[in-house]
Structure formats: C-alpha cells, structure tokens
Amino acid sequence: MAGHEMVHNAMYAPHEYDAGISSVDQISFLNGEDDIPRITRIDSAEVVYRAHRRAKLVGKYLMGDILGEGSYGKVKEALDTETLQRRAIKIIKRRKLRKINNGEQNVKREIQLLKRLKHRHIIDLSDLLENEEKQKMYMIMEYCVGELQELLEAAPDKRFPIFQAHRYFRQLVEGLEYLHSQGIVHKDIKPGNLLLSTEEILKITDLGVAEAIDAFARDDTCHTSQGTPAFQPPEIANGLESFSGFKVDIWSSGVTLYNMTTGVYPFEGDNIFKLFENIGKGQYQIPDGVEDNLKDLLTGMLQYEAANRIALEDIKKHDWVRRKHPVTPGFVAFKPIQGHEDMLRGFTVIPYLEDLHFHNSEEEEDEDYEDHYYSNMINTHPHAEPAVAGAQNSNNCESHEAEKKKKRKTKSGLLSSCHPS
Ligand SMILES: Nc1ncnc2c1ncn2[C@@H]1O[C@H](COP(=O)(O)OP(=O)(O)OP(=O)(O)O)[C@@H](O)[C@H]1O
C-alpha cells in the first residue's frame, strides 16, 4: 500500500462510529494534508457501535434494544407509552415459524397457556398484537433482567452461593405449585427458562412445550416430551410411552437445583444418545461438600422411579427448603450486556424516546423512517381494552399521515396519538 499510511482515526477516537458502519474491520478514508486518501483499520473489538436510534412504535409500545434471541425470534425491550411500564416484546415472524418443527403449534400453545395464567412467579403476557401485513406477532411480556442460566455462566464456579440458590429454588417451587394446580405440566424447567425481574423475582417462562392436562383426565399422565435433554428424567430417556407429567417437572427442578448448587450436571454425555443412556441408567454422584440436608432433597427429587420421587408439598416441607440460609459473600449479579456498560441494565428505550420527540424534521420525509411506525395492529389479547380491540384492521394508532401532521405540531404528539381513546 505504497504512499498510504496506517493511522488511527482521531476524528472518531475512541473509535465510536455512527450507524451504517459495520462492526467488522473499519476502513475510513481521510483527506490528509497531501490530499491522499488514508486508510484507518482498527480491530472490530475496539469499535463502539453507536447506531442512531430510530423511534419505532408497535401499537402503543416504543421499541428499545434487543434483549435476546430465541429460536422463534428476537426479544426487544419496550416502553408502554400509556402506562410507562417497561416491557419485553417477543417478535415472532410467521414465515420463520412455519420452517421450525412444531413451531406454530408451540407458539400457539404458549400463548393460550400464558393468557390464562396469572402468578407472581409465572411470566406475565400482558398484551398480544398482530400485524397481518407484516405477518408478525408481538408477545408483550413483563420485563426481566435476564435468565438464571446467564447468571450461572457468569459465576466463578458456575454455581450460586447456597443462600442465593435457595432463594431462587423456593420461588421456583411456588411457581411450579401454581402451574400444577392449574393442571399444567411445564416439561422444560431449567435455568435457561427462569427469568429474574428487576426486583429479583423469579419468573418461569417458555411454556412452548408445556401441556395442559385435560380437566376430565384421571391423573397427570402425559405421552409426549420435547424438553431439554439434560433435564429429562429416566422415564423419558428410556422412551416410556406414558409417564407422570408432574414428576417430570420435579426431576427437572431437581437437576436445576443440582446445577445451581454444584455448577455441574448429574448426567452428562457427548451426544444425546450417550446422555439418555446415562440418564436411563440413573447412576449419578453428588459432589463432595454438599451438605447432608441438600443431598437428601436432591436424592428425593432425582429418584429413578417417578412414583418414589418426592412430591411438591413434601419439597416445601423439606428442612433445606424451610431453613433460612446465612448470607455469605459471592452473590452473583448480572454483568453489563456487551456494548452497554450499564451494570444495572438501564432502560434502552431512552435514545428512541429522544428520537421520537426531538428528531430532525427533515427525516420525516425519509421513506425508511416512515416504515418504523406500524399501524394496522390487531390486539388479540383477551384482556385488551375494547377501544384497542375494536381498532382491528383500522388503526390502533391514528393513521400515519395524521401522525405525521400531529408530530409537526408538537414534539410529544406521537405519544399521545397512540392512545386508543
Ligand atoms: N420477559 C423478558 N424480559 C427480558 N428478556 C427476555 C424476556 N423474555 C426473553 N428474554 C430474553 O430473550 C432471549 C430469547 O428468549 P426466547 O424466550 O425467545 O428464547 P429462549 O427461551 O432463549 O430460546 P428458545 O425459544 O429457542 O427455547 C432470552 O434468552 C432472554 O435473554
């Protein structure tokens, strides 16, 4: 590269870029004194990607950053512009769903179940929106900081101090007790499906493979399972045609407790066949150092025969569960999300709010920008306010043109224009 000097780009120090520049090696052209374009190349790890946040309203929800991504789609943070509550929105693309094995069926089931469940330890589905034109579904849920799995991965020995594990386990048992009282078997209890709210309240989530026992069924017999292999009991690993659903959840909660307190799993395997073979044999060790009380509880929950497995009411009465555990050092807290230095996982909607209220009016004519305001939302949640539900196929928000006019009049116009009244 004769005549070209490798320099750091002082204009953008410390390597902050606006939207439109990819996060791979950055190349920028500068005109030096000699007017020869110079190339700056810096490592992608050094780049702080500062996207210009364009406000996007889905119904009355102002979208924030992505919180995570599952097999069915992205989950974004959002602000309910009417109640000012922090929300998490799972965005499901119907086209993508059709390509996933049991995808449509699982999402439909999860929505049906979540609509009828209301409990402190079950994730709350507060709203449900559909955009038929875009073939997208929006599941509006209460906001959580993250999963227990993420916390475990951040912990030094991949486990929690006993008092912390105990705190979460008690809440899991309460949530499970409610689910079972409603005749629902979760079938996929694991740290990855346990979220924590900002008040550190545990929320059982992901009911995609759950099963509602028929109200007239004699017992909790189930015939199918799609849960995560490492958390499945021997009756499933051995391919039994029918099994007790509630006892599956007891086993999976036992594996979860084992994992939270020891940092390892009772059964492992290089592949699913090996793993199921090991679970099927039912031989496992509890690591040294686990106190007898906890050992007794784990042994009860990981009983090979489902009929011998400890029941929920006895778990609640178990000494390890009832006891108060002393607070010790080493509490595991969430780490900042990559790219966000905020330890408290602050509200990511604020830059979008700024854009909504203060953005350059010239941008209003930008086609792309207009695309960010969705109308034609259908509210399909049973508890939807009539004014919103009645807005089907017309506009949940006012028409886009009206919105634009109103926005020109007042900076806060768009927010108020989204109220159903
Ligand atoms: N209510 C919520 N609040 C905050 N973050 C959430 C919420 N729900 C999900 N997330 C985040 O979004 C990510 C994706 O969640 P989602 O439920 O779609 O998938 P998953 O359970 O991780 O995976 P899969 O659906 O493939 O089993 C999660 O890993 C979690 O970090």
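Just so it is clear, glycine is given a Cβ too, placed from its N, Cα and C backbone atoms.
Any TrEMBL annotation is an automated prediction that lacks curation.
Per TrEMBL, the features are:
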- 61-321: domain 'Protein kinase' (DOMAIN)
- Lys90: ATP binding site (BINDING)
- 381-421: region 'Disordered' (REGION)
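Taking Cβ-Cβ distances under 8 Å and a sequence separation of 6 or more, the neighbours of Lys90 (ATP binding site) in its chain are Gly70, Tyr72, Gly73, Lys74, Val75, Tyr138, Met139, Met141. According to DSSP, Lys90 (ATP binding site) is assigned to a strand segment. The domain 'Protein kinase' (61-321) scores a mean pLDDT of 96 in the predicted structure.
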